[in-house]
Amino acid sequence: MIKRIGVLTSGGDAPGMNAAIRGVVRTALSRNLEVFGIYDGYLGLYENRMILLDRYSVSDIINKGGTFLGSARFSNFFKKDIRSIAIKNMQQRNIDFLVVIGGDGSYVGAQKLTEMGFPCISIPGTIDNDVAGTDYTIGYFTALETVVEAIDRLRDTSSSHQRISIVEVMGRNCGDLTLSAAIAGGCEFIVLPEIEFTKEELVKEIKNGIKKGKKHAIVAITEYICNVEKLAKYIQRETCRETRATILGHIQRGGAPVVYDRILASRMGEYSVDILLQGFQGRCIGTINEKMVHHDISDALKNMKRPFKFDWLKTAKQLY
């Protein structure tokens, strides 16, 4: 019988993580469970840094960005002896179950713990929206608002100077954030990890835009595809138009979560407790067509793929 659970946030922070923690804690307390908050993700689990939470521990945090429990990247957690110490730390506090909030790297940690006999449930928290098994991840919509606001501001100055602006957006290997922001921000050109890209083809498209009378342009590009500073110099040389690159960076992770992220995080936090009390373990939470679902973590990591939104890309190209 489950009496105590732990909750942690891991990897890159995302707006709405606090709301998810709150959802876990208050749902668990309503089911007569005790909840330990674990500081700084898997690192804190290994270092035995935990605190017993009550309903007041999560008061007034639903509107706060970041994660009050802290987060960290801890690659040593992939070592079995490190995980054994983490499990021992939880067992010493009579913790029966662990809820992990984070991205696919955090999912791997939860999967490894479950395989070692310590049951876990994972909640998707990442602005990249790159986790399989869910339409949206916690933090994505807030980051999207941040990116679009930045694009709007860049457009003001780009139009004033008849400049080409390149804006680099987070997302790793997933272009969802870039694509959505490009549509909402009216970007003229989009470069995504899912679509083959050459700088020559991009310049050709930009020149075609100039021939049509475009005085300025915004190019939205997902991080890690290329060096955007070098790309800006290349475009400027080939088009004879002033070109500047802006890397939005970690500002995309900050700020108060928007309404949808607060609701999504609250629902996922509640649902995680619901399914662990039903006896499920080694599962990850998702939302499909606004309905809460759960999948096997291993299946989500190895077999499930996020479908690329080709219809959204078509929309974006039609509106260039």
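Cβ atoms are placed via backbone N, Cα and C, with glycine included.
Note that this is a predicted model, so its numbers are computed, not measured.
The active site, proton acceptor feature in Swiss-Prot is assigned to Asp128. The ATP binding site annotation in Swiss-Prot covers Gly12, Arg73, Phe74, Gly103, Asp104, Gly105, Ser106. Residues annotated as Mg(2+) binding site in Swiss-Prot, with sequence analysis given as evidence: Asp104. As annotated by Swiss-Prot, substrate binding site applies to Thr126, Ile127, Asp128, Arg163, Met170, Gly171, Arg172, Glu223, Arg244, His250, Ile251, Gln252, Arg253, with the evidence given as sequence analysis.
Feature annotations (Swiss-Prot) mapped to structure.
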residue	record	Cβ contacts under 8 Å, 6 or more apart
Gly12	ATP binding site	Ser71, Gly102, Gly103, Thr126, Ile127, Arg253
Arg73	ATP binding site	Ser10, Gly11, Gly41, Gly105
Asp104	ATP binding site	Thr126, Asp130, Val131, Ala132, Leu301
Ser106	ATP binding site	Ser10, Gly11, Gly41, Tyr42, Val100, Ser122, Gly125
Asp128	active site, proton acceptor	Gly103, Thr137, Tyr140, Met170, Gly171, Arg172, Cys174, Asp176, Leu177
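Across the structure, Arg244 (substrate binding site) and Phe74 (ATP binding site) are spaced 35 Å apart at their Cα atoms.
Its Cβ taken as reference, Arg244 (substrate binding site) is surrounded by 18 other Cβ atoms within 10 Å in the chains shown. Counting every protein chain shown, 14 other Cβ atoms lie within 10 Å of the Cβ of Ile251 (substrate binding site). Summary for the binding-site residues Gly103, Gly105: the Cβ-based neighbour count within 10 Å is maximal at Gly103. For the ATP site listed in the record, the two most distant Cα atoms among Gly12, Arg73, Phe74, Gly103, Asp104, Gly105, Ser106 lie 14 Å apart.
Between the binding-site residues Arg172, Arg253, the minimum number of other C-beta atoms within 10 Å of a residue's C-beta occurs at Arg172.
DSSP assigns Arg253 (substrate binding site) to a helix in the three-state reduction.
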